[in-house]
Amino acid sequence: MADRRIVVDPVTRIEGHLRVQAVLGNGGKVITDSQSTGTMWRGLEVILKGRDPRDAWAFVERICGVCTGIHALAAVRSVEDAIGIKIPKNANIIRNLMNATLYTHDHIVHFYQLSALDWVDVVSSLSADPREVSELQKKISPHHPLSSPGYFRDVQNRLKKFVASGQLGIFANGYWGHPAMKLPPAVNLLAVTHYLEALDFQREIIKIHTILGGKNPHPNYLVGGVACPINMHDTGAAGNMINEVTMNYMRDIAKQSVEFVQNVYLPDIKAIASFYPEWFKYGGGLVKKNVLCYGDFPEIANDWSEKSLQMPAGAIVDGDLAHVQEVDLRDLTQIQEFVDHSWYKYPEGKLGLHPWEGVTDQAFELPEGSVGTKTKFEWLGEKGKYSWIKSPRWKGHMMEVGPLARLIMSIAKDVKHFKEPALDLLKELNLPLEAVYSTLGRHAARALECNWTAHKMVQYVDDLIANIKSGD
């Protein structure tokens with residue numbers, strides 16, 4: 001049987017424009033070749049040329065509407081580092097609070113809105129017994145306030161009307177009924193209910209960004225500090241201002257975040273893991289070899305040392321957890337971007353360039369072996385340039401970043417507030433450490449990190465209150 005070609009374009013439930021091609025050999029049973037293509041040129045580096053560096057944050061954060069704010073924070077930190085600005089203690093606390101809010105919101109959205117429907121059969125939930133779902137909820141999440149049979153029956157009835165209308169909207173084109181979907185109806189209804197609860201909760205958690213950054217998505221930042229005034233004598237609840245009312249409001253949201261993660265997110269991860277144990281064996285990818293972290297959440301303002309950073313920094317190469325290498329943002333030989341297979345051209349040809357020295361000069365062309373035209377291609381060859389995404393390397397190595405990379409780094413560096421919850425979860429699920437190198441391991445790492453950032457939200461609000469009360 002001839003090889004079969006499959007194209008997924010666009011890949012949905014992500015931020016951006018992504019195309020994936022795969023060649024299936026061995027009778028269509030094995031992927032023998034694949035490539036991913038970023039099909040959108042953003043050109044933010046070009047947009048920034050000639051602009052005031054103090055305004056860069058406002059442009060770069062618009063690269064994404066989900067991980068909103070993180071690129072702005074990186075931009076203001078870069079400018080502050082370049083010109084030697086030190087930020088006040090309150091500004092550091094507020095930035096950490098905004099960042100922890102972003103992490104918590106982003107991880108919840110990633111699991112429920114972007115990933116959960118890969119595991120959950122929405123249509124199957126219509127046949128569930130609400131009483132069984134209620135008992136299940138009370139068993140796996142005894143402190144969740146919404147656990148009655150009537151509550152789940154109401155959700156189920158809403159879903160039935162939705163499905164009966166023939167317009168599935170956000171649930172259209174799902175693989176409902178596929179044999180790979182293993183959850184029983186009761187678990188499916190529980191998961192769909194939590195999907196809808198996560199949608200509602202999004203509206204609450206982002207209000208912290210509205211208070212501190214003026215809006216969401218794309219909250220406001222400021223080189224040298226933050227863009228929200230502090231006036232504890234003002235009793236109004238409106239506007240982008242920190243006072244007693246908004247402080248208490250943010251603390252309530254932070255506590256709700258902890259409750260959502262502990263009563264909904266973590267129990268759902270454990271439930272799905274129990275029905276899909278094989279997914280602790282698949283999807284290890286690069287994290288088995290190379291991981292990279294630069295650390296974050298400095299407890300001490302303007303201090304980027306290991307004692308200050310609550311998330312660890314370092315690089316692990318070839319899976320050697322006993323040898324964590326130091327990372328240096330100023331070392332031009334560490335991070336380099338290559339464009340061999342990207343639709344850009346460098347003056348030096350195939351040499352990699354550090355982002356400080358990088359060039360964004362587009363050079364769009366169809367690579368050899370392509371089928372179609374520049375405006376409508378059916379297949380992209382891989383012997384040339386085929387993506388708008390550059391290829392970053394650390395000392396020449398492909399590296400994995402993200403929640404699982406940070407967890408691996410925490411295990412290697414014995415960062416107990418990340419390592420111990422992970423080991424406890426593995427013990428509860430009766431899994432070895434190697435299980436984290438997997439698809440479900442990534443979800444577990446993200447959920448555990450989300451639990452940590454939610455608790456940090458509460459801490460940062462309390463830190464801010466205490467620091468202001470001390471007279472700062």
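Going from the start of the chain as shown, residues are counted 1 onward.
Keep in mind that glycine also has a Cβ here, set from the backbone N, Cα and C atoms.
Keep in mind it's a predicted model, so treat the numbers as computed, not measured.
Here TrEMBL flags Glu45 as Mg(2+) binding site. The annotation Ni(2+) binding site is assigned in TrEMBL to Cys64, Cys67. Annotated Fe cation binding site per TrEMBL: Cys67, in sequence order.
The two recorded residues, Cys67 (Ni(2+) binding site) and Glu45 (Mg(2+) binding site), show a Cα separation of 19 Å. Here the CA atom of Glu45 (Mg(2+) binding site) lies 15 Å from the CA atom of Cys64 (Ni(2+) binding site). According to its DSSP assignment, Glu45 (Mg(2+) binding site) is helical.
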